[in-house]
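Annotated compositional bias 'Basic residues' per TrEMBL: 866-877, in sequence order. The compositional bias 'Polar residues' annotation in TrEMBL covers 984-1001. Residues or ranges marked as domain 'Cadherin' by TrEMBL: 33-142, 143-252, 253-358, 365-469, 470-572, 573-675, 687-785. Sequence annotations record features per position, and here TrEMBL assigns region 'Disordered' to 849-882, 984-1004. Feature annotation from TrEMBL assigns signal peptide to 1-23. Taken from TrEMBL, the feature transmembrane segment covers 812-836.
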Amino acid sequence: MDLRDFYLLAALIACLRLDSAVAQELIYTIREELPENVPIGNIPKDLNISHINAATGTSASLVYRLVSKAGDAPLVKVSSTTGEIFTTSNRIDREKLCAGASYAEENECFFELEVVILPNDFFRLIKIKIIVKDTNDNAPMFPSPVINISIPENTLINSRFPIPSATDPDTGFNGVQHYELLNGQSVFGLDIVETPEGEKWPQLIVQQNLDREQKDTYVMKIKVEDGGTPQKSSTAILQVTVSDVNDNRPVFKESQVEVHIPENAPVGTSVIQLHATDADIGSNAEIRYIFGAQVAPATKRFFALNNTTGLITVQRSLDREETAIHKVTVLASDGSSTPARATVTINVTDVNDNPPNIDLRYIISPINGTVYLSEKDPVNTKIALITVSDKDTDVNGKVICFIEREVPFHLKAVYDNQYLLETSSLLDYEGTKEFSFKIVASDSGKPSLNQTALVRVKLEDENDNPPIFSQPVIELSVSENNRRGLYLTTISATDEDSGKNADIVYQLGPNASFFDLDRKTGVLTASRVFDREEQERFIFTVTARDNGTPPLQSQAAVIVTVLDENDNSPKFTHNHFQFFVSENLPKYSTVGVITVTDADAGENKAVTLSILNDNENFVLDPFSGVIKSNVSFDREQQSSYTFDVKAVDGGQPPRSSTAKVTINVMDVNDNSPVVIYPPSNTSFKLVPLSAIPGSVVAEVFAVDIDTGMNAELKYTIVSGNSKGLFRIDPVTGNITLEEKPNPSDVGLHRLVVNISDLGYPKSLHTLVLVFLYVNDTAGNASHIYDLIRRTMETPLDRNIGDSSQPYQNEDYLTIMIAIVAGAMVVIVVIFVTVLVRCRHASRFKAAQRSKQGAEWMSPNQENKQNKKKKRKKRKSPKSSLLNFVTIEESKPDDAVHEPINGTISLPAELEEQSIGRFDWGTAPPTTFKPNSPDLAKHYKSASPQSAFHLKPDTPVSVKKHHVIQELPLDNTFVGGCDTLSKRSSTSSDHFSASECSSQGGFKTKGPLHTRQFIG
């Protein structure tokens, strides 16, 4: 087996093993003469092509490319992105496309094209066959506009004479369908004869006897029509000449003849000898042979007809590939009007006279005839679509295709006589830079004919090596306050490629605005002055990129650490620190924390604190900044302390700064509420039975000389309202009716009202008795006052109606009147005595207020003076309080005058109502709870200045004097709070000045109607 036979066998095997996944076929049917951009089909939809890579599962963008020769005018176009097929501006003309042999209705006129799908991972070759259906765009035409026929005058009726048939390039029903004779003059008729090939031949029928002497010429029209929609037609003039009698017409021995002649028959070769006979004699028997009117001019060029002998010969070289069958109509005429007709079918047989044709259509567009591939292109990269063909038939037309020498390319059969030129292995630019090889197509004729096509492929060097840094992470340090343009380091990278692929340029990444980098040399310099306090470390990337196409790059991380210099002084968080402490804070307690920072680092950041101008009143921890008191605070002696603090860092040379500190001493809750109205515990209000619910029947009003929450008051009825007849407003102190009184409510009602402030942690309170007499009138006031005096014997936690004594008994009333009359004398004496003491006490308390009049909220002396004036105004109308006391002062060891002690045990809900609590949720942002653990945190969050309320280290008793009430001597209010024995000083919060016991109820100790000064 020689090399040629081996290639032939390999090609035949490849043709039998077509890859259905690569090669697929589509068939579309369209009509001719469609306008531009008419959709024909959709390749991915019609083939159900997925855009998902089965190997990776990722979506890919497919490219659809029509494979065509350069310079061809494509009849269709393919969208590269969607795969849709459209018509182009080049109209598809079926008659032009399928010119040549006649197409019957069942024959198809079609053209084929190929589309490839890229990229290589999704490669497919799609063979598309487009069948072109005929449209009625051509009218049938006679061979000549005037048709002449000669008919002998002795022609019998119903004799038939052939008329040259019309032709129509259209096929099927759009072809010739009907003939019609116009103006036949009843002498002639028309008949249609259909041949086995489907052709329709018109024949003229003689319907009457002809007489040349009467009329020798007849002029008519013949019309031909097709069957299309809309129907098309044409006409020709039919001129019939009546000739003299010729009794016999020629007759062919065979009217249908078929012959075969090889296409390489030389000129002059005899094709067939036609023979016709005529029964006449003489000149009427002389026969002349001519081509019929239906013979195509092209056929007449290939064959010659001897007019005398009827011999058909070859007068021009035949080409089966151009026309394989020639149909010749020969007429034999003896001069009469009715010639004989014979049809000769000449079949041109094939000889191996055509070498195979190689149609090389590149998938990768060549440049000047050379295909450029990258060395990184994968195996099976498609280069071109090769179609081989041979115009010969049978064995002569069987073609094999192969590459003549060993190269890293191969041909892959996809259809009969179609191959894909692909790479068969990885390409290496360093091994071979260029390939030039031939593709050979050989047929199977004897002898075999060959055709070759030259393919040139050049490889391009691929930039497949990125630059590599010597260090993936580059670390360096530089001192702050540097000079601009300071050299830092040189960054370098290497590239294993060569040429421009090895030319490296350097580029800074983001966050590198403080640096400059030379793109060629890689020298890194500082473009700005570094400040470690603003940024201590710079982390950025440097990119090294080569000049390849596409360029490759790599990155290295650069870490620049800025070293510290002592260029920042210590900085206090505030220029002026203000702390607030309670006046009962013990010695050596923490009063505040100084916060200072230094933006430097290391030893430059180590700060030492000291007090500059304090007379050893405070001790400052030099490292933590905690300030502790070295004195016991007394707000009345000194309300604030101010000194300077100095901070020095550990740098060389050291830096320092100062700040001002003010310690403000706050007041405590040491004043109980003072009742202004009602004027005494023995006054009463009349509540008529006609009073309506919601009406105000009495009012309680009190003041507290403390400030802030310590002066906020709350009013509560704690006893005497068992029927729920009355209600007191907790804010205004107004007592209103809850329901309309009825006769059973008539009489005296004693309400025990608790007035408490909202001081923290313990509130102070005062009790006041409010008498309400329910009746239509109060005619006997002395009787009511006597009832009030009697209620003093009833414990405060019991209703006066619970007493078993019959206050309404007439005898008892008489006795009581006598007692009261006797006691009035004693009361006058007591009144005078109390008045003198009240004046003395007022002067004493004025002196005390001058000592404690300043508020904790502000050290402003002007405010102190204003508040003193307000306090004086608050107690000024002494005349309105002179009638408060109506009961004698108690005397020791006297059972009759034993003071009335009232003890009330309240339920839990009343206890909660009677004690005001400070709500920390509503506290102002500059006030902090005493138990807050992080003083510095609270300090930093305050704006503009913070207040610290610190808990002392150890509790201590309050040493200052307290006055329980500023009331006239005749004040008989129940309660008051002994703040000296109850006060707790364990908290530095300004709300924790004092407390008054409220556990289990309000307790009043000592005489109900006396005043006491506790020193």
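Using N, Cα and C of the backbone, Cβ positions are placed for all residues, glycine too.
Helix, strand and coil counts under DSSP for the domain 'Cadherin' (33-142) come to 12 helix, 39 strand, 59 coil. The average pLDDT for the domain 'Cadherin' (143-252) in the predicted structure is 87.
The domain 'Cadherin' (365-469) makes contact with the domain 'Cadherin' (253-358): 3 or more of their CB pairs lie within 8 A, with pairs spaced 6 or more apart in sequence.
Remark: secondary structure over the domain 'Cadherin' (253-358) totals 10 helix, 45 strand, 51 coil, with classes taken from DSSP.
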